[in-house]
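Participant: Quick one: the structure is below, and I'll ask about it shortly.
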Amino acid sequence: MYVDFNSLVLLHHRAVGQRTVRSGFISLSTMASFFRSEEMQLSQVFLHTDIAYMCISELGELGLVQFRDTAAGTSAFQRKFVNEVRRCDEMERKLRFLEKEIEKDSFPILDTGENPEAPAPREIIDLEGIFEKLENELKEVNSSVEELTKAHLKLCELKQILRKTQSFFEECDALPTERLSLPSNDTPMRRLTRTQALHDPALAEENVGLLGGEGIPAAGLRLGSLAGVIPRDRLPAFERMLWRACRGNVFLKQAEIDEPLEDPTTGTKVNKSVFLVFFQGDQLRTRVKKICEGFHASISPCPDSQADRRNMAIEVMGKIEDLETVLAQTKEHRQRILETAAKNIRVWFIKVRKIKAIYHTLNLFNLDVTTKCMVGECWCAVNDVDKIHLALRRGMERSNSTLQPILNGLVTRESPPTYHRTNKFTAAFQNIIDAYGVARYREVNPAIFTVITFPFLFAVMFGDAGHGLLMFLFALWMVVCERSLMAKKSTNEVWQMFFSGRYILLLMGIFSIYTGLIYNDVFSRSLNIFGSSWYPTYDQATLIKNDFLQLNPLTVNQTSDRMFAGYPYPFGLDPIWQLATNKIMLTNSIKMKMSIILGVLHMLMGIFLGAFNYRFFNEPLSIWCELVPQVLFISSIFLYLIVLIFYKWIAFSAEQSAVAPSLLINLINMVRFSYSNDGPQATHTFYSGQQTIQTILMVIAIISVPWMLLTKPLILLMRHRAIAKVTW
């Protein structure tokens, strides 16, 4: 198990970003590390328990060490510092709670970009006390705010009830002669009036409610009422339930509240309505209350007397004013707590995570109880051993101890980890290579070549100078303003992707401008910068008479009707091809041949990079059984094709274009060993003796396939059997 301490402490700089610079130039050792991965060393670290914390802290800040787990057989719960890690987890939980509360109030979090050192062990208790105090205060304040907000909401609802129900009670005076039921649009039900109920008890018996009970009594009629507030979207269902459950023996009045009220639980604004229900008897009161509870409607007392309602309204207004004052003071106290936390929370996060990373790394050590010494193992670059010694000495000095830390190199047969030293320019290219696979230890690093090949091959495909200029300007802005842009620390993933690849975009833009000028393609248009080498002499009548006219380069030697100047366009494609109907055929032919040339050369470069690896690792078998047949195979077919492409461009002029051999047909005939179409005329072949040479090349290519695929496995199998036989 390997643990990268630098990734755990979440430092702003990375170990792969270190480089050695002398007098403004990159040192030779750094250039060598760009070409190959760093030479690594397995080291053993001896730290006394008194200095272990500070030494690991200094190594973490340095970011050049990768520790191994020397206590792999011990479970995580049996490690020495598991309790300290749990304490760090608890501190992180409290910080996340504070951060969540800060973000809930949209309070700005101060981020100065400071990267503090890991605090001393004695400071951890102080941090725990600060976090505990802030968390308890904030929870207490949040509880108070929630209770006060609920009380404020209750009073606001009561104020709206007293205000809206005044008109309801005024309408109630006419109720003895009016019907007590609500009109129903969905179910035809008998409507019952108070007069009918008094003189016909049978009708009252028929209207017994669905919730049980006796019906309306025959004497002592007196209207009761319940007032409350309900969310506006629940009001229609609430009204239907009242009608059906009470058999129409209630009278409902409702009015909308003009301003939405804030829900203290969710903090969202909710549109609500005031309702007032009139009924007769305690049984209907019980039914109405149950229905209100089911719909989560809040019920408030509402006096029947106008004077009582007026006095209650005055009392409610006074309570609201007092409550708003207390609530404002409580929220102000909460803001002060959040302001204090917002100023330091980023620094606190870094400190806690560094503490946690230190103890997590110390858990990878073995503890010698008798000598109070901690023993660990780590991988480090050979060139960084001196820096690591200095970091250990600084840790000892910070611990105020005289016990020297010890770093010893170990001899091992294990394969070391691959470590490529990069900087801000090469880091993005290295990430591209690592996305496809990390190179073996001390192999040639292809990232240094990708710095040029990747953006250039992109530009060959892209090939538009106008869009390349836009890309170049955008990348140039990110490069020039990189410090200010990095200080903003944007968390947008798309922006981070663009910004991390700013140097790639810069080179892609530069090469796109270059290839776009070669293609003479600027925003899909051609530019006539140097003047076209073609000047047709057709008159107006000829242009009107013919839909298509051909420009012949053979007219260069003519004194009259000369159409071609005799020399090509100085740089790139002649702009007159923008008007030609066969432009696509020409550009496709050029780009196809150029793609073959660049692609084959790119593959050959990769093969020869493998030769450096075979020689470095002293693998002659791979050289003779892989490298040589690969070079022979690709050279006998594809490199030969590139030679024919250049030969055709040079040997066949415009006068011979009609009899120039086809590259495609020639390659097909070469693979098929078929030359039936080749006549005795020289115009059907590229050169004399072509058939013999191509036959030899194809035989070499065919022989290279089994040579490349079978020889090395068979030799390795024979060696393995020989070793097994001797061992047996």
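From the backbone N, Cα and C atoms, a Cβ is placed for every residue, glycine too.
What TrEMBL records for this protein is below:
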- 81-151: coiled coil (COILED)
- 447-480: transmembrane segment (TRANSMEM)
- 500-519: transmembrane segment (TRANSMEM)
- 595-615: transmembrane segment (TRANSMEM)
- 627-646: transmembrane segment (TRANSMEM)
- 695-715: transmembrane segment (TRANSMEM)
Participant: Considering every residue in the coiled coil (81-151), what is the mean pLDDT value?
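Facilitator: The average pLDDT of the model in the coiled coil (81-151) works out to 92.
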Participant: Which residues, given as numbers and ranges, are at least 6 beyond the ends of the transmembrane segment (500-519) yet have a Cβ under 8 Å from it?
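Facilitator: Cβ under 8 Å, 6 or more out: 424-425, 427-429, 431-432, 451-452, 454-456, 458-460, 462-476, 478-479, 482, 571-573, 587.
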Participant: Please give the sequence-distant neighbours of the transmembrane segment (595-615): residues at least 6 beyond its ends with Cβ less than 8 Å from one of its Cβ atoms.
Facilitator: 440, 443-444, 446, 449, 453, 457, 460, 622-623, 626-627, 630-631, 634, 638-639, 641-642, 645
